[in-house]
């Protein structure tokens, strides 16, 4: 029996980045031997065990053979005769196919992962890459994760990704996995790299057609010097990651705020009148398909519908501001307002040449929201009021408070 550290922990060590969970591979062992040494079996699809003291995962070396469609269609062989090199060969990218003997510090790198780390290249291990469509998504997510290090996708790997997209295999991805990869990308350093990689691989359309529809759609250059709505979508996602690092609620709402522009009739380009209303339908469809959590969907719908109103909040009547807050459910969910403000700021600054601009509208929205929130029904004299009249009096008092806070 021989144990090696593998995967992301080795990769991140070589990149001099903080490592996450450590994964181990065990060569030359059987499940019975692992359990005899106190390891607990937890793997459902293949033999994985938890260390009796550290709780870290130890997987028996295995090979995988394609047996059906999608990323679940594999036959696993975890025979003790499976070698370390065979186990590493089934992995997705060379940078993840490096093992380390922790006793000696010796690296086992049969597929050139160390070289690719040095050259900042994301490269597939072998032709079996095309057997698992999830790897296309993982490639895009890795590009977003490692964007600050200037990684590129190897041309031959991009060719294989396009082959997977053309094969129809991406249709076999289960919604939860697509959402999981998207969610990770949204909190990465540069979510745009996720979008751009999938777009270049012709995979964004099959996976996220609502986002692919924005590429090539022009906007008015005086407001959007970047012109292409797809590029604007990338810039907004990156700005959201900068303004709200680690917040996938903000990331998702910012990403999807302009979906309506993908439905603008070409004869109306580059104007997109009413795109904020048109965007709700494709947003609902995307959320239903990916089974997006309700909290994410509600925030995204609020930002999609109201971002133009927030941009011009100084021009809105006081009563209209209260109506806006009501549509966003901000009086019952006050924590939502700060996120809406961040999303709208990301939209405004996610434009070529506007990256460093101020966005006072965000502070105005929060200030007026606090003013409205400071007035509660219990603060009013409702002695002679009944039913709807109480609500009307509360609304009038809140409008007055908003006016005073201007």
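Backbone N, Cα and C atoms are what each Cβ position is placed from, and that goes for glycine too.
Among the features that Swiss-Prot reports, ATP binding site is placed at 8, 11, 91, 138, 141. Residues or ranges marked as CTP binding site by Swiss-Prot on the basis of sequence analysis: 8, 11, 91, 138, 141. Under the heading Mg(2+) binding site, Swiss-Prot lists 21, 23, citing sequence analysis as support. For 229-331, the entry in Swiss-Prot reads domain 'HD', with the evidence type sequence analysis.
Feature annotations (Swiss-Prot) mapped to structure.
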residue	record	Cβ within 10 Å
8	ATP binding site	16
11	ATP binding site	23
21	Mg(2+) binding site	9
23	Mg(2+) binding site	18
91	ATP binding site	22
138	ATP binding site	20
141	ATP binding site	23
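A separation of roughly 8 Å, to the nearest angstrom, links the Cα atoms of residue 8 (ATP binding site) and residue 21 (Mg(2+) binding site).
Residue 141 (ATP binding site) and residue 21 (Mg(2+) binding site) have their C-alpha atoms 18 Å apart, to the nearest angstrom. For residue 23 (Mg(2+) binding site) paired with residue 11 (ATP binding site), the C-alpha to C-alpha distance reads 12 Å. Within the model, the domain 'HD' (229-331) carries an average pLDDT of 98. Other residues of the same chain near the CTP site, with their Cβ within 8 Å of the Cβ centroid of 8, 11, 91, 138, 141, are 7, 92, 93, 95, 96, 142. Remark: secondary structure over the domain 'HD' (229-331) totals 77 helix, 0 strand, 26 coil, with classes taken from DSSP. In the three-state DSSP scheme, residue 23 (Mg(2+) binding site) is classed as strand.
Geometry remark: residue 21 (Mg(2+) binding site) versus residue 11 (ATP binding site), CA distance 12 Å.
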